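Please read the structure below before turning to the comments.
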Amino acid sequence: MIPLHDAVLSAFLVFCRIGGCMMLMPGFAGHRMPVRIRLFLAVGISLAILPLLFADMAEFVQKSSRASLILAIATELATGGIIGFLARVFFLMLQTMLVAMAQFIGLSMVMGPADDDEQLPPIATLLALTATTMMFITDQHYELLRGIIASYRQIPIGVGFGGRGALMQVTDQMSAALMLGMRLASPFLVYSLIMNFAIGLINKMTPQIPVFFIATPFLMAGGMLLLYALSDQLLVAFVSAFGVFLRLGSP
């Protein structure tokens, strides 16, 4: 018979990893999700998966000292936070890429409401929210939860936090996400280079005419048409790459 306090500590250790992940998990960590809902979701998910992990957790708790338990709590929080951050890197990259796209097509001067405590252009806010919605529609948040459960096989309870390995994972993930963002934003970069080169050439030939002010509406109109033509492929490519990362651990 396992004592009640050991059972509570076992459940709390599971909650630490789940809660640490949900603090940074895309779709749950934004300001649109109230803190209480995030807390209740973390508690509910922890209780749901506790029967799968209870035997190992209880054995670890019974064999550990107080110092080991405190270290385990910190390790579980850090492990969950790293898992959530690795997934969030994709959406941070998407926001950066969308802000760059808005600048390429002349819409960066129009600022919209703050998203995740940062003020973004309306186009960037709309597409970032659409990508988050598509993540839930395609059930990829379940894949992320499955990855948290599978992490107990790779990083069992009681194993120390590998700071070097975590740093390498974060670095590799940020590099891969940046390359994905550059591929997605490349059509808008090419469009911006061509249009600005043409505007600069015309301005050089006719310096008396304010070419920049005349050409800005055409730059924005062409950018909006390009966005209309490519927005669905852009979002599908992003969600597909994010799904591959959730299933395989790399984009």
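Cβ coordinates are placed from backbone N, Cα and C, and glycine is handled just like the others.
As recorded in TrEMBL, the features of this protein are as follows:
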TRANSMEM  7-29  transmembrane segment
TRANSMEM  35-55  transmembrane segment
TRANSMEM  67-86  transmembrane segment
TRANSMEM  92-112  transmembrane segment
TRANSMEM  119-137  transmembrane segment
TRANSMEM  184-202  transmembrane segment
TRANSMEM  209-228  transmembrane segment
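Residues 9, 12-13, 16-25, 29, 60-61, 144, 147-148, 151, 155, 157-161, 166, 169-170, 173, 245 of the same chain lie 6 or more positions beyond the ends of the transmembrane segment (67-86) yet place their CB under 8 Å from a CB of it.
Sequence-distant contacts of the transmembrane segment (92-112), counting only residues of its own chain at least 6 positions beyond either end whose CB sits under 8 Å from a CB of the stretch, comprise 118-125, 127-128, 131, 174, 177-178, 180-182, 184-185, 188-189, 191-192, 216, 219-220, 222-224, 226-227, 238. Listed as Cβ neighbours of the transmembrane segment (35-55) (distance under 8 Å, sequence separation of 6 or more from its ends, same chain) are residues 7, 10-11, 14-15, 18-19, 22-23, 28-29, 145, 149, 152, 157. Sequence-distant contacts of the transmembrane segment (209-228) (same chain, at least 6 residues past either end, Cβ-Cβ under 8 Å): 101, 104-107, 123, 187-188, 191-192, 195, 199, 202-203.
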